[in-house]
Amino acid sequence: MMPLIALTLLILGVATAVPTSDDNLVMFTIFTTHGSNISLPCTLTRHSGFSTGMRIKWTKFSRDKTMETDVLVSMGFHNMVYDSYQNRAFLREADEDDATLIITNVGLDDFGWYKCDVIDGMDDNTVLFSVELDGVVFPYFPRLGRYNLNFQDAQRACQEQGASVATFEQLYEAWRSGMDWCNAGWLSDGTVQYPINNPREPCGGEQNSAGLRNYGYQQKSSSFYDVFCFNPQLNGRFYWLDQPDKLTFDEAVEACRNDGAEIAKVSHIFAAWKMQRYDRCDAGWLADGSVRYPISNPRNKCSPTEAAVRFVGFPNKKHKLYGVYCYRA
Ligand SMILES: *[C@@H]1O[C@H](CO)[C@@H](O)[C@H](O)[C@H]1NC(C)=O
């Protein structure tokens, strides 16, 4: 008989999952962190007994879906685990219909797409999981302008935005998910780097391949750059404050307070944009005095070519030209 794959969604540890749907494909995005364990649920529903010759196969695809690697194949009593997944990947097998894949100690190469197949010649239901690094990396410079932070300033600047200085792994993962930023920033190991996906002249050269451009270790007290910050998650609610007037910066701070919240920080707008696909084409004040707006669905007049948190600038705080984004913990 034909086994059907039934879906249940489990959340393990720090992982959170967001279901989305694209045509007939069921997809889940699972956010996780380095070193965590994840579980990718897949359940067989059998109408009658075990069909001999049935195989369960878990496959991984690279983020652009061009590279395919086998993770695990199960044929009855015999399980094969491939390459880098040996000793780290196994089927949970909580009962005889459980084909849930557990991967322990998640590392950089584990991010991407996973697919659960039940192969007996008639299988058709496909479940895809996108496993993503939890959190968001964002480039930051303060009102002072570009290339004004030594390492200590950089640490403080990220903290003030509700974040920490990104690690190399975090920036690398952000680069692999498409980040392209042509200003060099501090990382937590004291190196200065920037992520380039579209090689071009002022950003390390057209003839260099895409990658992280690395200035190496810099003098922590006397070298001045931007910084890459990392915010692991969004615990509270980020929102646009609906109110009729344009506000000065001080009025914006006050308006959020009157709404039982605080004016949102830069890490909040990036986290809401990345993890909730927050989209709003209205420029609003943020706590550092910058004005930005988050666009997930690129469109004319908002951000025509790319999903991005748009930066308007650090306007004069007395200008009554913008609304405000608030954050309630
Ligand atoms: C992951 O799973 C392994 C094996 O089951 C366990 O020893 C380890 O403590 C788990 N790690 C985390 C971070 O939960």
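Just so it is clear, glycine is given a Cβ too, placed from its N, Cα and C backbone atoms.
The recorded disulfide partner of CYS182, taken from TrEMBL and restricted to CYS158, CYS203, is CYS203.
The disulfide partner of CYS281, as annotated in TrEMBL and taken from the candidates CYS256, CYS302, is CYS302. Burial estimate for the disulfide-bonded residues (CYS182, CYS203, CYS281): highest at CYS203, by number of other CB atoms within 10 Å. Helix first, then strand, then coil: DSSP counts for the domain 'Link' (136-231) stand at 22 helix, 30 strand, 44 coil. Counting Cβ atoms from all protein chains shown, CYS302 (disulfide bond) has 17 others lying within 10 Å of its own Cβ.
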